[in-house]
Amino acid sequence: MNQNFNSIAIDSTFNSQKSKSISLRNSTTAERVRQLEKLQDWIKSHLEDIRKAIYADFKKPYPEIDASEIFVVTSEIKHAIKNLASWMSPKKVSTPTPMLGSKAHIQYEPKGTTLIIAPWNYPFNLAIGPLVSALAAGCTAIVKPSELTPHTSALIRRMIEEIYEPELVAVVEGEVEVAQYLLSKPFDHIFFTGSPAVGKIIMKAAAENLASVTLELGGKSPAIVDSDVDIQDAASKIVWGKYVNCGQTCIAPDYILVQENIKNELIEAIHSKINEMYDPKIKGIDESKDYARIVNDKHLKRLKHLLDDANRKGAKIAVGGKIIETENYFEPTVMIDLTEEMDVMQEEIFGPILPIITYSSIEEAINYINEKSKPLALYIFSNSKNVSETILTQTSSGGAVVNDCVVHFLQNELPFGGVNNSGIGKAHGHFGFLSFSNEKAILEQRVGLTPSKSLYPPYNFITKKISQALLKWF
Ligand SMILES: NC(=O)c1ccc[n+]([C@@H]2O[C@H](COP(=O)([O-])OP(=O)(O)OC[C@H]3O[C@@H](n4cnc5c(N)ncnc54)[C@H](O)[C@@H]3O)[C@@H](O)[C@H]2O)c1
């Protein structure tokens, strides 16, 4: 087979991690904390290297890198170090009456060898965040960063090679064929972040080895704006959540559902917030240092198609629309007059186009959302507790935020992830630790005492009475 990567090196790394993973089963809290501290120390002493690499990939502004790439990882490490002893300690469970005399507990053992496949949009955070959970859980890991952000991928490789022995953590760089080769290895767990389409490929490959999976996927996350709302507050938060990272955020509001009587006011507010945030000196947003670029020309063309297709089918651009192809620049854009025949209303946008559609009653908005795949995130802007409760209880999404958007990613006491098409399994904090752990069920019976002996054959009158009593009383 003609291949551009070293499969023998991958095999050798996998085999050495397999052996290491067995010895890690009884690793102590202190040993795992030490591995996490090494990662924390490297990150803190190489902040400028990390910023430069990510900036080189798609001009992400430094404050965005600090907050959304570095801080989220360092806070995840800090949180894991603080809580690891409690997460690792066996959890006693109570004994039901038919099991009287026995004791039981849950022991958290590392799943073993793990594979982490990362996307390009938060290329540092989404490769290293899951690694924190893997190390906390006592697993080995091979990390495959995205090939679309080569500077960050090289930096991650350098970082891991400087910190860890390859039998504990290794980085394998490369394109789809490398990912596919890695997927043929019998990992114990695969943690994938990326699109639902590739998520299905990952799950099929994992099924060959019955590896468990965490799939952090995407989709169309709605933001509902009720008429009982502080419009200026909602507009600021939507503009930030949508256009940070140039719209290339899995939990960005994909589209807005606004109550029809406040549509025009909301559009005006969004327009002025875009100018306040990205064009305060009125020089043009393309001059702004605070606005990132689309990752490559392929994605720019994909977004341009969404805009052109919607325009051709009757939609209008209410704000923005400027594209500079040579710079992968795509202006913050708002679209109106949309219909379901337009691709922009069917596909995850993953860029700075914000479609705004209207509803007349909350039920109509809920029905619209429920007709689509379950989103990764759902945002509600409303002063009415009744409205937010109704939406929260009548829709399904991986996560939800009331009166803000995107910020739930930073709350590491909450599970982060999707549901069905937007993901399977959860990440962050304790939930990330659990994703990489086997919750082993352990029951200890007293020698010579087992209530179940009375149910052993040969069955007789007493067995019959006991089994009937069990059905009657429990
Ligand atoms: N839920 C989350 O936390 C989260 C976070 C960020 C991005 N996302 C989602 O990720 C998507 C965008 O990222 P992307 O374009 O990098 O995703 P992608 O699915 O194209 O690629 C992700 C990774 O999978 C690998 N890959 C691609 N095709 C593959 C194949 N056929 N077989 C095996 N591996 C393959 C890539 O090399 C890359 O490392 C969006 O859908 C977004 O919503 C989700």
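Every residue gets a Cβ built from N, Cα and C, even glycine.
Where the annotation comes from TrEMBL, it is an automatic prediction and has not been curated.
Per TrEMBL, the features are:
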DOMAIN    13-441  domain 'Aldehyde dehydrogenase'
ACT_SITE  GLU216  active site
ACT_SITE  CYS250  active site
How big is the Cα-to-Cα gap, in Å, between CYS250 (active site) and GLU216 (active site)? 9
Counting every protein chain shown, other Cβ atoms within 10 Å of the Cβ of GLU216 (active site) number 26
For the domain 'Aldehyde dehydrogenase' (13-441), what's the model's average pLDDT? 97
Using a 10 Å cut-off, grab the number of neighbouring Cβ atoms around the Cβ of CYS250 (active site), all chains included. 27
DSSP on GLU216 (active site), three-state: which is it? strand
